[in-house]
Amino acid sequence: MPTVTAVRSFAKINLGLRIGPPRADGFHHLHTLYQTIGLFDELSVEAERVSATEIHLQCSDPRVPTDGRNTVYRTVEAALLAMGVTARVRIYLRKNLPMQGGLGAGSANAAAALLGLERQLGIALPGAQRLTLAERIGSDVPLFLIGGTVYGHNRGELVMPYPDIPETHCVIVAPGVGSSTPLAFRAWDERVSALTPEAAQDRLNELSRVYASAFAQTGSASETGASGASGALDAGETFPHESGSLAGNPLPALVRTGMENDFQEVVFSQHPFLRDILHALLGYVPGGDEALPREQRALMASLSGSGSSLFGLYGSMASAEAAQARAQAMGVRSFLTTTLTRKAYWRGLFVS
């Protein structure tokens, strides 16, 4: 067992997100398609068995709480109880990911802490128990125990592996404005208050059909359902090097279904400049509606989670670098990375 277990805490984006009706417990039903990406925070985990549990958490960012308000702290506390172990645990969290960015940073930290703790103590919780523990910490935590492309429903915590999209160039833009998930849900509820519960549930069920329909297509459809909010394909266009095999890459068919993020409606109304950033990521000429040449445009672009981070996916490094340059010209932070398949996610998780 290593003296210290170093774990990467990879971020996620939401390829699509549909919000359903509120639940009795205050949460919302939702369906989403998560995708892990190569940006990460880093955790160093040390644990030794002692007679009484002690949890010591430090963080490179002084804004991050290091007590029971932190998902890492709560995860370690719950995991030790589940293992029936008392231990002295020391964790150092190096923050690289933006806070309140819709990238799942806090949830990813929690999952990484759990996996690091298991390795330190030589105890692996059964898979179902591990997922149940993760669900109690936060809605996004379970996806980080799977990685790759992941379908989430209920409040996002019930997860299933989805066929991976291959490694794809990705640009993340962090505009530097905080976006509160509870406030975004509240604004959404006000916007759709006229919908009956049945109509709201129908909207939710439709996204399940959208995701399933990606596998009902032949791969040669000429009509796109993608809206300007998420897809950059025009009718009849195909992805670069696209084949007819959906088993190889489900992304083209998914984009054609028109999947998008419901939060865009409310977050863009609160922060209109985010729409300008999205247009830049998609590949529109700044200040106008003219599209750049196809090879410079995004395969898709969207808000991630409840924001405020946005992302674009690209068919080449050159088009991704051009998109990053457009974003930087608007004065916002941007990062160049790739999506991670499930295999790449687990291969890169543990540093030592």
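Placed from the backbone N, Cα and C atoms, the Cβ positions cover glycine too.
The active site annotation in TrEMBL covers Lys12 (among others). The DSSP secondary structure for Lys12 (active site) is strand.
As annotated by TrEMBL, active site applies to Asp140 (among others). Here the Cβ of Asp140 (active site) has 29 other Cβ atoms within 10 Å, regardless of which shown protein chain they belong to.
Per TrEMBL, the feature compositional bias 'Low complexity' maps to 221-236.
Averaged over the domain 'GHMP kinase N-terminal' (70-148), the predicted model reaches a pLDDT of 96. What TrEMBL lists as domain 'GHMP kinase N-terminal' is 70-148.
Per TrEMBL, region 'Disordered' is recorded for 221-245.
With a 10 A radius on its CB, Lys12 (active site) counts 27 other CB atoms from all the protein chains.
A separation of roughly 9 Å, to the nearest angstrom, links the Cα atoms of Asp140 (active site) and Lys12 (active site).
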